[in-house]
Amino acid sequence: EQRQAAIESYNLAIKYNPNDAKAYNNKGVCLDKLGQYQEAIKSYNLAIKYNPNLADAYYNKGVCLDKLRQYQEAIKSYNLAIKYNPNYAKAYNNKGVCLSKLEQWQAAIESYNLAIKYNPNYAKAYNNKGVCLDKLGQYQEAIESYNLAIKYNPNYADAYYNKGVCLGKLEQRQAAIENYNLAIKYNPNDADAYYNKGVCLYKLGQLQKAIENFDLAIKYKPDLAVSYVYKGVCLYELGQFQEAIENFDLAIKYDPNNVEAYKLINILKRKIAGI
């Protein structure tokens, strides 16, 4: 309602001043918030027409193009935002996000570094950079980047979660669990954090605790097939074969192509039959 009213007032401003670039830009922001991305882009284009060096309009247009999954176009738009505002940290960060979506990890890192250069306490950019370093297998550097994200935003659930993932890959499971706990503290219904914590506990041989975490993962994401698989494996190792099979069946229900679950069911059925 409020956004619709705002759009009408910008339309009025435009009526009396048809080349009011700021009004077109602001109208675009409202349309974006209403999910009308194509309309928003038209409005940003008019803002740019009447003020070709309005960095914010290029930036906002990039945001919409990203939402429409037109990453290459979004990058062009962010580049223009940067051209007219060379220390536009958010534009460098968002450009990095688009490059990441295109799996251009190294180029994305360079973009995040520029975001950080112009905003040294930019927690989001450190977190995003960490994700790219992780993808490149540079886990230690990724952890350092997550630590900086956490330094500048101490309740940043995603950064703790991502750090936990890296620690898990380095087989530092206890440290990984501590980070998943912090991720959960700041985002209590993060199914993936419970799931990954469960995997660490399973690998540490703490089967009962692992099951509790898989149950929480399932509570918050009932179709997370891998949680049922791991829970089933824990039950299997505890000798609870029937319950294990039930969990593998649920894994298949939510992921019919889960080869692992089929294999485990067959192993268990043979075990129960004493074959």
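Glycine too: its Cβ is placed from the backbone N, Cα and C atoms.
Caution: TrEMBL annotation is automatic and unverified by curators.
Annotated features, as they stand in TrEMBL:
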REPEAT    21-54  repeat 'TPR'
REPEAT    55-88  repeat 'TPR'
REPEAT    89-122  repeat 'TPR'
REPEAT    123-156  repeat 'TPR'
REPEAT    157-190  repeat 'TPR'
REPEAT    191-224  repeat 'TPR'
REPEAT    225-258  repeat 'TPR'
Secondary structure content of the repeat 'TPR' (191-224), with strand meaning DSSP E or B: 27 helix, 0 strand, 7 coil
Residue numbers, six or more beyond the limits of the repeat 'TPR' (55-88), whose CB comes under 8 Å of its CB atoms: 21, 24-25, 28-29, 32, 37-38, 40-41, 44-45, 47-48, 94-95, 97-99, 101-102, 118
Distant-in-sequence neighbours of the repeat 'TPR' (225-258), which means Cβ under 8 A and at least six residues beyond its ends: 191, 195, 198-199, 202, 207-208, 210-211, 214-215, 217-218, 264-265, 268-269, 271-272
Per-region confidence, the repeat 'TPR' (191-224) (mean pLDDT, whole number): 98
